[in-house]
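Handing you this structure, nothing more for now.
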Amino acid sequence: MAPKRKQPYTEEGIDFKFTQFQIVPPINQKNFYTEYLKRDDQMYIWRDSAGEKDAKETESESANGDTKQDDSKKSQVEEEEDGIEESELGEEKDNKTIVLHIGSQNLRIGLASNKTPTTVPMVIARKMRAPFAQERCLLKDICHVNEDGNVAFDSEFDSNLKLLDSELKSWLKAQKKRSVPNGTQLVKNYNKISKPETVPPDDDPEKPDWIHFEQDDHVDVICGKEAFLLPLNEYPEYKLFYPIKSGVFNESDYASSQQLLADIYEIFKYSITSLLQIPVSQLSQYSVIFIVPDLYDRVYVEKILDILFFDLHFGKAAIVQESLCTSFGAGMSAACVVDMGAQKTSISCVEEGVVVPNSRIKINYGGDDITLLFMKLLMRSHFPYQDIDLKTPYDWSLANALKIKYCGLSEATYNVQLNSFFSRTPDKGTRKFTFKSLDETMLAPLGFFRPDIFENENKLHDRYTLFPVPVDVYDNQPNNPESLAQTTLLQISTPISNIKANGKDDEEKKEESDLVTPSVKFKPPRVVYCGSLAAPEIKNEKLIYPLDDAINQSIFSACDGNLSDEKAKNLYSSILIVGGAGQFPGFAHLLEERIHSKRANIPTISVIPPPRSMDAQFVAWKGACIYNRIRIVSELWIKNSDWKMLGSRVLQYKTLGYFWTG
């Protein structure tokens, strides 16, 4: 018989629980609710900002010894803080804020307290391991003499030039301007016999101070304007790199993404330390305002912010859209902003301090295309400087200077004109040329309205070869910002053979494109109805479209197709032209006429120049300085610690108007 089991000894009157954990009852799914991360004040970035604000208020109260402030006085102080900050605090803040505006050709950088920014060319000269043959672009090598004895380029260029020439003649006829008899032949005959005149070095006050190194004293990197003063024929081991192209990374000239980002870092560092005289060790005490394009590239913005935070160690940063800064700089609350840069043109409508998302358009042409077109037109007239090489920085600067000095759209200048210029090269010294021109100075700016004449084949052809396409983490689809106006123009201006089909390799697409041979050139309608349009999956994002039609499409999309609305009238009466590419004499008047001819039902169409006291290229930069004074910007600063912890996720909460998507 088994022994009896002993009972555990329990002391009467002692009631201990076996555990201290509370038993959680089952959740009633019918009444389940939570507020976790459903309010902005629960986010880390907002809780962190609120904690800093409370700490400052506590410190201020303890310093003043006035802990009990009445409600009326407190509300009065809050109302005063809603406007512009006091002058003393604002000036101190401006002295610690750097405004950064990156362009395809130049970098505008400076303290928010400065009147004008410092302009730094976005170029860097790097010493390569071995000498290499410099690229050349001689226009005389790509043109030929036809049967009539005239200089001509390819057939497509000549056909587009005939259309451009007929359009100019019809416009001059409407202005009751007579053509010059035998003017073209007079220009060619003079240019054929024009010879350069050598200028002694002592007689040239603007002689460039070319860089010459001592033996074994070469530097690895030269940034900014100094890179243009390097004689590449004497130092073939150096190569010029342009890290930004058409407002995005220039991936075609680089072998790796690290090299491209390193060049941008070197240009930033040179601009801040050498030109602004601010050591890198003190940048943690500074803030930076980064002006981003309206139709920005996510990878571009994120990589630039990585450089600002991780490499330069800025304390805080804020990003703001380009058109919004332009409206601030011009003092306009509503406008259609047309920013005409060196390699791209941006169009956006701003209303009440917010960029209308569906109105944003980016066109891939700019002032550089006008420069190249102008030089081609001069070569057709036997330009005396036949050896001009547009790949060298000094000859390209010369061509750009000729465009700025002589091009215009004023009918009063339509005549045979005698012009002169100085060519300064390191190998041939200074030479003076004289030449005559007739309609070349007017035909070149007209290219904005017939952009098919530009060289558009190789634009953005190496896009996304070094950096990945930004995609959404959930559906793995591209998530760069989209605009209905941009999508519309891409659909109606892209030939069917350029549309990329899913699941087809390059050989299959090539075979299909060989089968498609359109007999008639496709001419799309100028404006289409703004309905629900899905963006086509195209090979690249290149958009070439007439400027006046693009402006009409932008305003059309901003008003949801209702041109009779008061909003459309306000936008058409305030078309703001900024940037360096659209400041030709008479250009604004011609643009106004062309828009009015297609929008006759709009009573007032006005193309507004920038303020008189401000350079058209500095309006956006100056607007960012004004943005720095607005009280709300204190809530939009991204701290270095925020970026290190959250990365790009912080941008959707820290942008004015919440324009960052994803």
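Keep in mind that glycine also has a Cβ here, set from the backbone N, Cα and C atoms.
Marked as ATP binding site by Swiss-Prot on the basis of similarity to another entry: Asp339, Met340, Gly341, Ala342. Annotation source Swiss-Prot lists compositional bias 'Basic and acidic residues' at 50-59, 67-77. The compositional bias 'Acidic residues' annotation in Swiss-Prot covers 78-89. Look at Swiss-Prot and you will find 50-92 tagged as region 'Disordered'.
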Hey, for the ATP site built from Asp339, Met340, Gly341, Ala342, who else sits with CB inside 8 A of the CB center?
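Other same-chain residues with Cβ inside the cutoff are Gly103, Ser104, Gln343, Lys344, Thr345, Ser346, Gly366, Gly367, Gly579, Gly580, Ala581, Gly582.
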Gly341 (ATP binding site) has how many other Cβ neighbours within 10 Å of its own Cβ?
25
I want to verify one value. Collapsing DSSP to three states, which class is Ala342 (ATP binding site)?
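SS state of Ala342 (ATP binding site) = coil.
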What does DSSP give as the helix, strand and coil breakdown of the compositional bias 'Basic and acidic residues' (50-59)?
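Residue counts for the compositional bias 'Basic and acidic residues' (50-59) by secondary structure: 10 helix, 0 strand, 0 coil.
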When a 10 Å sphere is centred on the Cβ of Met340 (ATP binding site), how many other Cβ atoms does it contain?
25
Would you count the other CB atoms within 10 A of the CB of Asp339 (ATP binding site), including those on all shown protein chains?
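Asp339 (ATP binding site) is surrounded by 30 other Cβ atoms within 10 Å.
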Check each residue in the chain of Ala342 (ATP binding site) that is at least six apart in sequence and keep those whose C-beta is under 8 Å from its C-beta; list them in sequence order.
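Set apart from Ala342 (ATP binding site) by at least 6 residues yet with Cβ under 8 Å, we have Gly103, Ser104, Gln105, Asn106, Gly366, Gly367, Asp368, Gly580, Ala581.
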